[in-house]
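**Q** The domain 'Sugar phosphate transporter' annotation in TrEMBL covers 18-240. Per TrEMBL, region 'Disordered' is recorded for 245-278. Summarising the annotation, TrEMBL assigns transmembrane segment to 21-39, 76-93, 99-117, 129-149, 169-188, 200-218, 224-243.
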Amino acid sequence: MTAVLRWLGYIQASHLPFKELLKFVLFANFSIVGMNVSLMWNSVGFYQIAKLSMIPVSCLLEVVFDKIRYSRDTKLSILVVLLGVAVCTVTDVSVNTRGFLAAFIAVWSTSLQQYYVHFLQRKYSLSSFNLLGHTAPAQAASLLLLGPFLDYWLTNKRIDAYDFTIPSVVFMVLSSTIAVGTNLSQFICIGRFTAVSFQVLGHMKTILVLILGFLFFGKEGLNIQVVIGMIIAVFGMIWYGNASSKPGGKERRSHSISRSSQQKHGGSPESSEADDKV
């Protein structure tokens, strides 16, 4: 697909250092493998808790590396989103050592990969299409080479021994096609906003999955707890969008310091506000 996008002119010639590409592919591959292994080794409840912890980890990365400062309302709105999704999805929770390790790797690698999407686009002035053009072929090649061996090590099953029926192949192709749009939307969203905003938005997917499940597969799992959780989560998302877009809702720490300094000396902070506001 990146070859087609390059042919159509959406991907232009650009530069991404090999060292940066290698780090990104490493984080992204650990993320894919880690999330799948976490789901395989953990209960669904603990898997959901691990996914919820990505927002605090993403916040920590932004605070440490980008010196981002969050307002009280922004922090509270994130907590409300986490609470709502937890009420919806977390049921049985059981933990084991290898499952916890897989979840830990999955959470940190996914958070680092999403942070890196924003970081690389900003540092090297790459568009979402250009970054995808650099990373997708490298990811595909590395996973095609290492995937079958890793799969056999984890499941003791060989990929070539799988019974490839027509329905299974159709669904694999369909899944891969949809994944192109998923990856592209991730790069566009994180490039335009930040990894934290993408994570908050991503929990809307959880709500939609639950709603579509009820519509297509019956109302077996629908109860008052799930409905209340959905309402809380959606309220938190709306609050986050409003709180983070306000002045001071989410900004670089250096900006808040320079603004107070300018005000102290009678200067106007408006000129630097556009540059430093996230």
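The count begins at 1 with the first shown residue.
Placement of Cβ uses the backbone N, Cα and C atoms for every residue, glycine included.
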**Q** Six or more residues beyond either end and a Cβ under 8 Å away: which residues meet both conditions relative to the transmembrane segment (76-93)?
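**A** Residues packing against the transmembrane segment (76-93) from afar: 43-46, 48-49, 52, 55, 59, 196, 200, 203, 206-207, 210, 225-226, 228-237, 239-240, 242-244.
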**Q** Counting Cβ pairs under 8 Å to the transmembrane segment (129-149), which of 21-39, 99-117, 169-188 comes out on top?
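**A** Selected stretch: 21-39, with the most Cβ pairs under 8 Å.
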**Q** Average pLDDT across the domain 'Sugar phosphate transporter' (18-240)?
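**A** Looking only at the domain 'Sugar phosphate transporter' (18-240), pLDDT averages out to 87.
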**Q** When you scan the chain for residues with a C-beta under 8 Å from the transmembrane segment (99-117), skipping those not six or more beyond its ends, what do you find?
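**A** Same-chain residues near the transmembrane segment (99-117) but 6 or more away: 23-24, 27-28, 30-31, 34-35, 37-38, 40-42, 46-47, 50-51, 53-54, 57-58, 61-62, 65, 131, 186-187, 190-191, 195, 198-199.
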